[in-house]
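Chemist: What follows is a single structure, and I will ask about it in a moment.
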């Protein structure tokens, strides 16, 4: 037994096996998780927004304008989607690395007075460019994994988006370990670290050919649950660190030790990848000892159509007239829509409205959490805790919505659009707690809003992939998320920011508020969050239209196209 185990260990250390692991489908998932963990810097805006206010002399409306352009860059990924359609994934990741480094580095140089103080419009450009890098990493990693595992897309999306949700808490720990409690250096960290991670994994994340399984073959989801358990361990560790750091003074050496443990947990999924590849190699060796006849499967009608289709991706017909005539004649739900067919559909319109109302409202709460805490009299340490709690529960919402919706769908045919409606209704509770300033309720509201904000993303992206197909998914899911900045601008800048500054000006005797002058009391955000609650509830009502229109689609087997037809599977087994 010992000799056998030693032989296995030696075989796993060979260059050939290492190369197999790095080129494997499961390594794509691992690399994508690390890339996503480095891609959530936009969610910790609240940690350095106070530095922008005090150093550059911004008022709240200007700060919220910067926040809007951050959200605009984060969510408008149409360009990255179109690049993914025509270029390899490595090109998408490299573009994202360059944009991230350029945008945030310029903000850091402005904060540290290494360049002349830029006008507000130029700062908006910097943060928009830096934040837009997230769409390139999202598109490259998420689309590759969804296409590699189409029958587990809910789990894939929830897992990857969950690591984005944890990213804020991860960055907080890393910057405390590397730079200490220095908000300006935090901006430097989010400039170089994501770019370095994207470049490191640039050649390992890619779309691989999908092998259809027989109708009787069982889908192996165990590795995804093992990834989930490790991510839960990482989230739990971060939560414990947040609580302990609030109660105990940490030295710089203690922060270094904590960050080292965090990185070890983050890279634990690599062990699962090695295990799965060793198992696959063993199965391959056994099958070679008992070779089976090769069964040739004819391509399906949709595959033949894809092979013959030389039309532009914008429409199924080459001529403009053909594009317009086919635009309003979409295929059945679940088939591959063209981009224009999807964009003019009622289903996409409903998702657009839900994104504007639902995600726009939760984004407003997250981006203003520091100012909300200040206005309600919470100490600075508690405000940092709120930001980290949002990050943890953002993660919980993403993985929870992804995994639970997949399980409910596969077992009970529970439609994902109905889950989205439920999430919108729950988020209204968090908004109301802020609106009425219930004592000590900001902890609860940060949990609710973080969870609901996170849960909306995997549900939105999974619905788009299921309803409109995967052929143009890289572009369509970016169109789906592009609507949220509209809601963020109206609700955050025009409503929350404007009402905050108006109340602050009234409190300071009619003098315009800039820099460190802040608003105090429940009235600072009361009326704006009552409006946000009403808008979010309206979004929940609109989402019921999508539930109704897709009810029959979700009653069937939406993943049937990824299985070999029963007759073909039987014939293949007979030939074997």
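These residue numbers are counts, starting from 1, taken along the chain as shown.
The backbone N, Cα and C atoms fix where each Cβ goes, glycine too.
Automatic, uncurated: that is what TrEMBL annotation is.
According to TrEMBL, the domain 'Nodulin-like' annotation covers 25-273. According to TrEMBL, the feature transmembrane segment maps to 26-48, 90-108, 120-146, 158-179, 185-203, 224-244, 250-274, 348-366, 386-405, 417-436, 442-464, 529-548 (among others). If you look up TrEMBL, you'll see 342-554 marked as domain 'NFD4 C-terminal'.
Neighbours and distances for these, please.
Modeler: Residues 67, 70-71, 73-74, 93, 104, 111, 130-131, 133-134, 137-138, 140-142, 144-145, 148-149, 156, 159-161, 163-168, 170-172, 183-184, 186-187, 190, 193-194, 197-198, 201, 204-206, 208, 223, 227, 231, 266-267, 269-270, 272-273, 276-277, 366-370, 383-384, 387, 390-391, 394 of the same chain lie 6 or more positions beyond the ends of the transmembrane segment (26-48) yet place their CB under 8 Å from a CB of it.
Beyond its flanks by at least six residues, the transmembrane segment (120-146) meets 28-29, 31-32, 35-36, 38-42, 56, 58, 62, 65-66, 69-77, 79-81, 83-84, 89, 92-93, 95-97, 99-100, 102-104, 106-107, 110, 153, 156-157, 160-161, 164, 190-191, 194-195, 198, 205-207, 461, 465, 470, 473-474, 477-478 of its own chain at Cβ-Cβ distances under 8 Å.
Long-range contacts of the transmembrane segment (158-179) within the same chain: residues 29, 32-34, 36-41, 43-44, 47, 134, 138, 141-142, 145, 185-186, 188-190, 193, 224, 227-228, 231, 234-235, 238, 241-242, 250, 252, 255-256, 258-260, 262, 266, 384, 387-388, 390-392, 394-403, 405-406, 450, 454, 457-458, 461, each at least 6 residues beyond the stretch ends and with a Cβ under 8 Å from a Cβ of the stretch.
Residues 29, 33, 152, 155-156, 159, 162-163, 166, 169-170, 173, 258, 261-262, 265-266, 268-269, 272, 385, 388-389, 391-392, 395-396, 399, 403 of the same chain sit 6 or more residues outside the transmembrane segment (224-244) yet have a Cβ under 8 Å from a Cβ within it.
Outside the transmembrane segment (348-366) by six or more residues, the chain places 43, 46, 71, 75, 342, 372, 390, 420, 423-424, 427, 430-431, 434, 445, 449-450, 452-453, 456-457, 460, 463-464, 468, 476, 479-481, 483-488, 490-492, 495-496, 528-529, 532-533, 535-536, 538-540, 542-543, 545-546, 549 with a CB less than 8 A from a CB of the stretch.
Same-chain residues lying 6 or more positions outside the transmembrane segment (529-548) and placing a CB less than 8 Å from one of its CB atoms are 346-347, 350-351, 353-354, 356-358, 360-361, 364-365, 415, 417-418, 420-421, 424-425, 427-428, 431-432, 434-435, 463, 487, 491, 495-496.
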Chemist: Near the transmembrane segment (185-203), which residues from the same chain, at least 6 beyond its ends, have a CB less than 8 A from one of its CBs?
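Modeler: Sequence-remote neighbours of the transmembrane segment (185-203) are 31, 34-35, 38-39, 41, 44, 47-48, 51, 90, 93-94, 96-98, 100-101, 103-105, 107-108, 111, 130, 133, 137, 171, 174-175, 178-179.
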Chemist: Which range wins on Cβ pairs under 8 Å with the transmembrane segment (442-464): 90-108, 250-274, 386-405, 417-436?
Modeler: 386-405
